[in-house]
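Everything below concerns the one structure shown next.
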Amino acid sequence: MINYLKSFFLYEIVRGMVLTLKYFFKPKVTINYPYEKSPISPRFKGEHALRRYENGEERCIACKLCEAICPAQAIVIEADEREDGSRRTTRYDIDMTKCIYCGLCQEACPVDAIVEGPNFEFASLTHTALIYDKERLLQNGDRWEQALASKLHKDYEYR
């Protein structure tokens, strides 16, 4: 009989509305994403970048440790030897659709050449736009060098 009266007076609906009104006047916990952005952790792993030294020379020494450690096999490197005996990459491709953003490539790099930057807004309509070549990775590194250097400096004691 009590269940019948509860359903007759729409007890569940009234209880739900009271709960809604309780939270209606509390401060919001969500953000309006495209217009407001939450702070990013210094350990955030976003879009990849290749860094350069201060003199403009690329840091990558073509040791291929990042290619070997990548669990998704998203990195492809080809290298040639220079006249001075050092090795440099001729091809450095990352397939961002395969990448799982684990950060192992960044941890394996002995010269901090490959890093994951602060950008997380790099969606694309085509698959080919998400295959990054060496030039695009170097452009990303040039664009975010100050942010990347401060991020690596903050995280240095934990590495």
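Just so you know, glycine gets a Cβ as well, placed from its N, Cα and C.
Keep in mind that what you see is a predicted model, and the values were worked out from it rather than measured.
In Swiss-Prot this protein carries:
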type: DOMAIN; residues: 51-80; note: domain '4Fe-4S ferredoxin-type 1'
type: BINDING; residues: Cys60, Cys63, Cys66, Cys109; note: [4Fe-4S] cluster 1 binding site
type: BINDING; residues: Cys70, Cys99, Cys102, Cys105; note: [4Fe-4S] cluster 2 binding site
type: DOMAIN; residues: 90-119; note: domain '4Fe-4S ferredoxin-type 2'
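Residues of the same chain lying 6 or more positions beyond the ends of the domain '4Fe-4S ferredoxin-type 2' (90-119) and with a Cβ under 8 Å from any Cβ of it are 40, 44-51, 58-61, 63, 65-66, 68-80, 127, 130-134, 137, 140-141, 144, 147-148, 151-152, 159. Apart from the site residues Cys60, Cys63, Cys66, Cys109, the chain places the Cβ of Ile61, Ala62, Lys64, Leu65, Glu67, Ile77, Cys105, Ala108, Pro110, Val111, Ala113, Ile114 no farther than 8 Å from the centroid of the site's Cβ atoms, the recorded [4Fe-4S] cluster 1 location. Across the structure, Cys105 ([4Fe-4S] cluster 2 binding site) and Cys63 ([4Fe-4S] cluster 1 binding site) are spaced 12 Å apart at their Cα atoms.
Listed binding-site residues near Cys70 ([4Fe-4S] cluster 2 binding site): none (candidates Cys60, Cys63, Cys109; Cα-Cα distance within 10 Å).
In this structure, the C-alpha atom of Cys66 ([4Fe-4S] cluster 1 binding site) lies 12 angstrom from that of Cys102 ([4Fe-4S] cluster 2 binding site).
Cys102 ([4Fe-4S] cluster 2 binding site) is 19 Å away from Cys63 ([4Fe-4S] cluster 1 binding site) when you measure Cα to Cα. Looking at the domain '4Fe-4S ferredoxin-type 1' (51-80) alone, the prediction's average pLDDT is 96.
A 10 Å cutoff on Cβ-Cβ distances gives Cys105 ([4Fe-4S] cluster 2 binding site) a total of 24 other Cβ atoms nearby, all chains included. Look at the binding-site residues Cys60, Cys66, Cys70, Cys102 and count other Cβ atoms within 10 Å of each Cβ; Cys102 has the fewest. Here the domain '4Fe-4S ferredoxin-type 2' (90-119) is broken down by DSSP into helix, strand and coil counts: 5 helix, 9 strand, 16 coil. When the binding-site residues Cys63, Cys99, Cys109 are compared by the number of other C-beta atoms lying within 10 angstroms of their own C-beta, Cys63 comes out lowest. Counting only the Cα atoms, the space from Cys102 ([4Fe-4S] cluster 2 binding site) to Cys109 ([4Fe-4S] cluster 1 binding site) is about 14 angstrom.
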